Amino acid sequence: MALRTSSLLQSRLLPISVILFLFLMYAFLPTQNSTTDAYDYAASVRWRVDLWKPHHLLYNITALAFYSLLQSLGVYIMPLPLLKLLNSFFAGTSLFVLWRMIALLQKDVKVQAALLLVAGASFGTMRYATENETYLIPLFFSSLGSLYALRYLQLGKGTFIFWSGWWASIACLYHQVHFFWWLGLFFFFLLADKCKLASAFRFLLPALVVPLVYGLVMFYQDIRLTEAHRFVFSAFYKGGVETTITYKNFLLTGISFFRTFFEVHGRIPFLLTHHPFYIINGLVTAGFVLYLLKELLQRRRTNILHHSTFYRTHAVILALQVLFAWYAVGNAEFMVMVPFLVVLLASCLNIKKSRNLFLFGIALFIWNTSFGVIPNHLYTFSNHACVSNYIQQHPGSVLILHDKNAFDTYFFYHFGRYPENTHETEAPARVLTKVIAEGHLRNQAIITDYTKEAAVLNRQWFLSKKKADAFFKNYELSPFYSCPTFYRGSSLHKVSVHFGK
């Protein structure tokens, strides 16, 4: 009998090594520039407030349970870094579940590992695996739902329909956007099984957990049944989801879809001038991409290899998720699952060689670590800590801030209270005029972080109405308090009225 080879490339160690390597990178390179939402969720855990957010119902309470468990074991870590670690763990487990699906569709372990690298090195995955956000836990559960659907195709066990529905439903409790994944799997079983009513019943039965859990939370919070729709869909009623369709839906959807794979941000020009490391890695990535484009143009079309129903189902899920992201003005957060879905679709194709996939995965990894993960870990892009120090030293000041909501949440996470007298630079002119006039009457210092320098291009810049530029032309801005960030040695400015106005 021939000896079984122990080569890394011919064993399960290769895909497992890819998963482990990516997980360790996520865990040890968390972002130091957390989002407003990340601070908000961490603050909810730290101060035990606002734990039930309907849009992602179970995230905060799960985070609190994890935080409390570690505290009871004598492990004391602040909520924000701890929850980043939790997300890196679920990123790793999601990749593991994805691998189990890929392994059922592709027998070559080198192809399996290459596909995993593409999914794990895509920026959408890296970004949220190093942050405290709500998108990777539901991705794990939705992936489990798809895994059981695929196993059902191969083995035909009715219990797999139940478990697919169960995990897809749990995903919806962690984020409502995964309803589209659940819906796609529901139609999958209707198409894949001759006993359509029985399949529908098995899949829909565990979905009852969703209204049950929402009902229990409403009961716990004394919310009347007649207000159920406002509670469940509060993100829409409170304006948390933008629903006005303009050219920005198309522009930002295209940018966000591309950014799901490759990081694109206004900070990249700053990085290129900061150190040759970024120029070299950018050129290396460009070389990989140009080579792969040449290879792609020379290759013939590949036919679907396995399970056309599974392929079509996940193509529909992908389309639904992207369509909803488009409706939400190209919200990249609603496209976190895109790399996983694209890799699943690719796994249904007849892939004979892994080389080009590996090269693509390496290109993604080099670019996204160089321009995304590493800079976010090493540098500070916001002035929140500096402004917070200023407030502690000058509690009576009035602040007009470029990103008031982000700063307020940062401050609340650290101190358990919101700062007083903070306002948004994009607020209506009449509001800011009144704020400044009343502040001067009370002899309060009026401070702003507004700057006339070129803005860093990002989603917030695209969506802003650019009111501040016109408003501050009417006032004198005097540098007052240094607040350097990675971008520039910026300052807080005192606001005063031009002489004679």
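Cβ coordinates are placed from backbone N, Cα and C, and glycine is handled just like the others.
TrEMBL annotations:
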TRANSMEM  12-29  transmembrane segment
TRANSMEM  57-78  transmembrane segment
TRANSMEM  85-105  transmembrane segment
TRANSMEM  136-154  transmembrane segment
TRANSMEM  166-191  transmembrane segment
TRANSMEM  203-221  transmembrane segment
TRANSMEM  277-297  transmembrane segment
TRANSMEM  309-328  transmembrane segment
TRANSMEM  334-351  transmembrane segment
TRANSMEM  358-379  transmembrane segment
CB contact flag for the transmembrane segment (358-379) and the transmembrane segment (12-29), at least three pairs under 8 A: yes
In contact by Cβ distance (the transmembrane segment (166-191), the transmembrane segment (12-29); 3 or more pairs under 8 Å): no
Contacting positions for the transmembrane segment (57-78) when only residues 6+ beyond its ends and CB under 8 Å are counted: 41-42, 44-46, 48, 50-51, 85-86, 132, 134, 137, 173-175, 213-214, 217
Result, the transmembrane segment (334-351) in contact with the transmembrane segment (136-154) (3+ CB pairs under 8 Å): yes
Other parts of the chain folded back onto the transmembrane segment (203-221), taken as Cβ under 8 Å at six or more residues beyond its ends: 52, 54, 57-58, 161-166, 168-170, 172-173, 182, 185-186, 189, 227-228, 231-232
